[in-house]
């Protein structure tokens, strides 16, 4: 068994993990528009499968508290967040210049409830990070998150707000080093760019490369300054199958865990790398895709699982249901139970689908060369960069819920003195759905403030000495050294 990172109390890989799962029942109602491949309905389909397979009863189920402006501005520019909050389908024709400036309108359309959608999926990812930071679970899941293309000042590739960057910033408050792994078919460009110059976050992306959106992610893009060798890119060609994928994934990630020793791992589980995806060109089976989750789980390090791409929505739901089972240590039956979306999964009505017979254009020689080059990059890293917390920022607190407060937003008055420029820590709050079994646990864990509807943010006048660019201050996130306005809009999905 491969080991790495810090061991959790939950023990070896065979022992079940404590899992937090974030889901908002409204998320499936958001609609990008007719013909658009991104369909939030897939999250609702996934949830229905989890319910009918009986997996929800094995997890803590949370409704994410929506992220607020100041939460999003921890990474994103104020004017961009203001634009997202105010733009509507009815007003967009009056703001053509702003639409162009922020790359909104084609791949990233304006639709009803756009800002609420962003608040919801970002709130789930940050809420998961908070739970991990407080030791309230071993694995946190937000299938609505993982929108890895969004930049500081613009939307990209169906992504408006980069919930992953926000979640990593939250994890950095507790952990000296955070690892980001991306198995979406598209390069995780937004996350890589955000942390390109720091040695506190390592990004590793496995993706299709060559005449394919977003066009970044060359094997020679390895980070800059202190971040050199802390960005790894694994460029792949059409038709890669399970065996070829894991020929690269396992040795590379095993070495990353050995050398980098992260305190927490964020795994973006984009399902467009599956065989038969509407926009993808890989040939992974659901079990092959889930093997990445199983492998990263085996290191016994706090793990945040996020969604991402995936455009054949019946297979997306299949995949994320199965991977939730992997997180729980439960083998899910192939025969699908009857449920409200059962007809989507005909004619076989099974969880797993066979990969196709498409050609694997990744030769053994090319795979050998990629693996050797990336392992060589990793050999140049110092083991576990030392990060001095001269002034460690205070943890995000989880106070007891105020049951008498009908409107939770009243506790966070917009007229209060909690301004962005005060360098407050991120404060996306999380509502909980509590069942009777959890109440007993909560009584035993009052010291950890298990029963919570929201979390507070303490003042942070300190910085992270290990980071380069403004120590990831609220208004100065670490970004790749290039002009923001050179980000090209998507010309190919």
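First residue shown is number 1, and so on along the chain.
Just so it is clear, glycine is given a Cβ too, placed from its N, Cα and C backbone atoms.
Predicted automatically and left uncurated, TrEMBL annotations should be read as such.
Feature annotations, courtesy of TrEMBL:
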type     : residues      : note
ACT_SITE : 149           : active site, proton acceptor
BINDING  : 107, 157, 311 : substrate binding site
BINDING  : 184, 186, 272 : divalent metal cation binding site
COMPBIAS : 397-418       : compositional bias 'Acidic residues'
COMPBIAS : 432-444       : compositional bias 'Basic and acidic residues'
DOMAIN   : 36-324        : domain 'Histone deacetylase'
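Reported as a whole number, the C-alpha separation between residue 311 (substrate binding site) and residue 272 (divalent metal cation binding site) equals 6 Å. Sequence-distant contacts (6 or more apart, same chain, Cβ under 8 Å) of residue 186 (divalent metal cation binding site) comprise 148, 149, 157, 207, 208, 212, 213, 214, 270, 272, 309.
In this structure the C-alpha atoms belonging to residue 184 (divalent metal cation binding site) and residue 107 (substrate binding site) are separated by 17 Å.
It is 184 that, of the binding-site residues 107, 184, has its Cβ surrounded by the most other Cβ atoms within 10 Å.
Listed in sequence order, the residues 185, 207, 208, 270, 273, 279, 280, 308, 309, 310 complete the 8 Å Cβ shell around the divalent metal cation site centroid, once 184, 186, 272 themselves are left out. Around the Cβ of residue 157 (substrate binding site), 23 further Cβ atoms fall within 10 Å across all displayed protein chains. Minimal Cβ crowding within 10 Å, among the recorded positions 149, 272, 311, is found at 311. Looking only at the domain 'Histone deacetylase' (36-324), the predicted model's pLDDT averages out at 98.
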